[in-house]
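To start, the structure itself, in structure tokens.
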Ligand SMILES: *Cc1c(COP(=O)(O)O)cnc(C)c1O
């Protein structure tokens, strides 16, 4: 037998983490890595946060799981906190980001179909978006590498250029149900929507009675320096998907909606066995205890500015390698002049620092939100050693 025990869908590298210590990971072979990837924007409290560990331990001893057939004091309390912190009036808990986007897509379609507008099923999405790996969420993205082998796609998605408001306006037709968009594209390369674009989409939704769905699975939960990125654009969505950081490493997500948007999500319309179980709620509670604090978020913005400032100064030393630095909060992209994967591998294998590549030749810098200046110093030291020693030939 030559297939690996883990279905071979990931190009796994030689780092094999077995333990986490705050902002570092320790590999099976004893090597210690500075983790500025955070499990792709997940471990926002680092790897050994006492509050998160304590909450999960306590919940494990008390009650891990019950069916959604029963009342949920744990779920109601966390939903209420999210409602108070955001635009939302109601919440559906999921186990992943893709499921949160699935629920958002279903909520938008159900909004129209609930009142008999069955023809309004099409969502307009944007090129280089990433919404997950289920059939609906790959259908929502134009990326052919995710479609290959899985055709036919689900019908009802149309892809336009990101940040092109005129195209969005022109694309609205009788079948349009709404827009699905990341306010800051993560996998696409930390590409930030313009204020004009998101405000324009909001106005189009109001004018044509369409649903504005924001996918904040990566940009949310403090990553971009506000609890949700949309707060920085002067708009609110009708529906929002959140996951990744919201459990701090515990697998959980959520679909948030206004009362109006959720009018089709009636009894029997949707479900999930694990969704919102007490274990997951304990994790979200511990994360929100830290991240929903305005002082903490101000600190994330300040740390992001310091890190971006230092990166901007630094990249000028290697004009053949680096092009620019962009981002919000600790959601940072370094745009390279080369394909970034070999450089990410070089930083990892030769300088023990973890980052993630993205589209548009970008290296994503996604540290835990709890870093301090010593971690920024360590990152800059390792990055500058990596840039000094980088030989473009050594392709990993
Ligand atoms: C990661 C991501 C998803 C998918 O989340 P999973 O938990 O991997 O299913 C969806 N949307 C965005 C914007 C993401 O970054």
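Glycine is treated like the rest: Cβ placed from N, Cα and C.
The pyridoxal 5'-phosphate site recorded in TrEMBL includes 97, 98, 215, 216, 217, 218, 273, and the single candidate from 130, 314, 322 that the record places there is 130. DSSP classifies residue 216 (pyridoxal 5'-phosphate binding site) as coil under the three-state reduction. Separation of the C-alpha atoms of residue 216 (pyridoxal 5'-phosphate binding site) and residue 133 (N(2)-acetyl-L-ornithine binding site): 16 Å, rounded to the nearest whole number. Distance noted between the C-alpha atoms of residue 97 (pyridoxal 5'-phosphate binding site) and residue 272 (N(2)-acetyl-L-ornithine binding site) is 13 Å. Binding residues for pyridoxal 5'-phosphate (97, 98, 130, 215, 216, 217, 218, 273) extend across at most 25 Å, taking the greatest CA-CA distance. Residue 215 (pyridoxal 5'-phosphate binding site) and residue 272 (N(2)-acetyl-L-ornithine binding site) are 20 Å apart (CA-CA, integer value). Neighbour density for residue 272 (N(2)-acetyl-L-ornithine binding site): within 10 A of its CB lie 17 other CB atoms from the protein chains shown. With the fewest other Cβ atoms inside 10 Å of its Cβ, the least crowded of the recorded positions 130, 244, 273 in this structure is 273.
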